[in-house]
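Colleague: Following this message is one structure expressed as structure tokens.
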């Protein structure tokens, strides 16, 4: 029998999910995206060649894998075609490997315009969105006025629905945000120009997954962003607009939650965050600079510099709790090479002097807390490219063991570099 494995981020995104998905897909028949949109940035390095994917599942580079985009993903037609063109230029037959739910909400130019206009209007209270229209597209979905992939396939009906929604959003753009309206005719023409191409790749994703399960195939569900950016469980309001947690798998592609066998939580050996929002262990010193420089901490989607800090076991408590994490994949262990002392945040100290080990539920709760650290010795030896725990420095092994002890979750996979071969697999989730 096959296994259904969920790969998701347990921090604020950028944990290295793309590499791990690509690595493990040699055991999977299907790779499924179930939430988010082209705000994701999954970087794959294979034989030294880097590929950055934003929308298409990371398994697309494997010729034995079918890639599915579930209904929980908001889909930008322009971004999809750009990514297809990029991959085809590399010789990847994307259209043979990709299937898309016709229930995916569409991201159209007015969503981008709204996203950018709102961030500008917020000023120094900006959330730090990618400006790619993700949030406004999810808003339209919840308000039941959004257009979906399936709407593209009837031009007359699509045109009528589009006209109504463009007028609705243009009113806000012009009268409230004082920016230029989007052009209805241009939006219509651009959308219909790719309708036939997209139609050839649409399918009933829920049915495909159910039949695959019955046939005993192995399926991987690829998360985007990270748990602490979840719309419900993250550091609200500094969050994304979808459910990035394991529960999003069931709703985002129509698979029953009872059929999920293993939840692999991807976590860096330290912590990073892009954009605004609470970050208790953030470092503004030489160590923070070391993590950012050695770890190449720049967003794959936006190019923005990531904020860096120590491993936060308190925030991780929430991620483990809401995801039922089975095992960790600890990434970027090699970035810690050369640091004399390492720290793990094991608690937050409140203004009253109490130590809490469960994080606040909203951003405001972080305003008056300070991290409590446990110190450990670092190591001078290189871990870059290690493929066996036997070659890891003693202090690196002690650091990993301490993370396991504090969190209660085993570290089943360790990443020691960007290439898929630079990995230590102690336990393969599919075996």
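Here the Cβ of each residue, glycine as well, is placed from N, Cα and C on the backbone.
Quick paste from Swiss-Prot:
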- 13-19, 41-43, 306, 332-334, 415-417: GTP binding site (BINDING)
- 14, 15, 16, 17, 39, 40, 41, 42, 130, 144, 225, 240, 304: IMP binding site (BINDING)
- 14, 41: Mg(2+) binding site (BINDING)
- 14: active site, proton acceptor (ACT_SITE)
- 42: active site, proton donor (ACT_SITE)
- 300, 301, 302, 303, 304, 305, 306: substrate binding site (BINDING)
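Mind mapping these onto the model and telling me what they sit next to?
Modeller: In the three-state DSSP scheme, residue 13 (GTP binding site) falls into the coil class.
Residue 41 (IMP binding site) carries neither a helix nor a strand DSSP state and counts as coil. All protein chains included, residue 41 (IMP binding site) registers 22 other Cβ atoms within 10 Å of its own Cβ.
Other Cβ atoms within 10 Å of the Cβ of residue 42 (active site, proton donor), summed over all protein chains shown, number 25.
Remark: residue 306 (substrate binding site) has 14, 272, 273, 274, 292, 297, 298, 299 as non-local neighbours, by Cβ distance under 8 Å and separation of at least 6 in sequence.
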Colleague: By the DSSP assignment reduced to helix, strand and coil, which category contains residue 305 (substrate binding site)?
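Modeller: Once the DSSP labels are grouped into three classes, residue 305 (substrate binding site) ends up as strand.
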Colleague: Among the binding-site residues 14, 305, which residue has the fewest other Cβ atoms within 10 Å of its own Cβ?
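Modeller: It is 305 that, of the binding-site residues 14, 305, has the fewest other Cβ atoms within 10 Å.
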Colleague: Taking 10 A as the limit, how many CB atoms besides its own sit near the CB of residue 39 (IMP binding site)?
Modeller: 28
Colleague: Which residues, sitting 6 or more apart from residue 19 (GTP binding site) on the same chain, put a CB under 8 Å from its CB?
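Modeller: 43, 44, 45, 331, 415, 418, 420, 423 - these are the non-local Cβ neighbours of residue 19 (GTP binding site), listed in sequence order.
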Colleague: Max Cα distance spanning 14, 15, 16, 17, 39, 40, 41, 42, 130, 144, 225, 240, 304 (IMP binders), Å?
Modeller: 34
Colleague: If you measure from the C-alpha of residue 225 (IMP binding site), which of the binding-site residues 303, 305, 333, 416 fall inside 10 Å?
Modeller: none
Colleague: Count the Cβ atoms, other than its own, that fall within 10 Å of the Cβ of residue 416 (GTP binding site), considering every protein chain shown.
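Modeller: Excluding its own Cβ, the number within 10 Å is 26.
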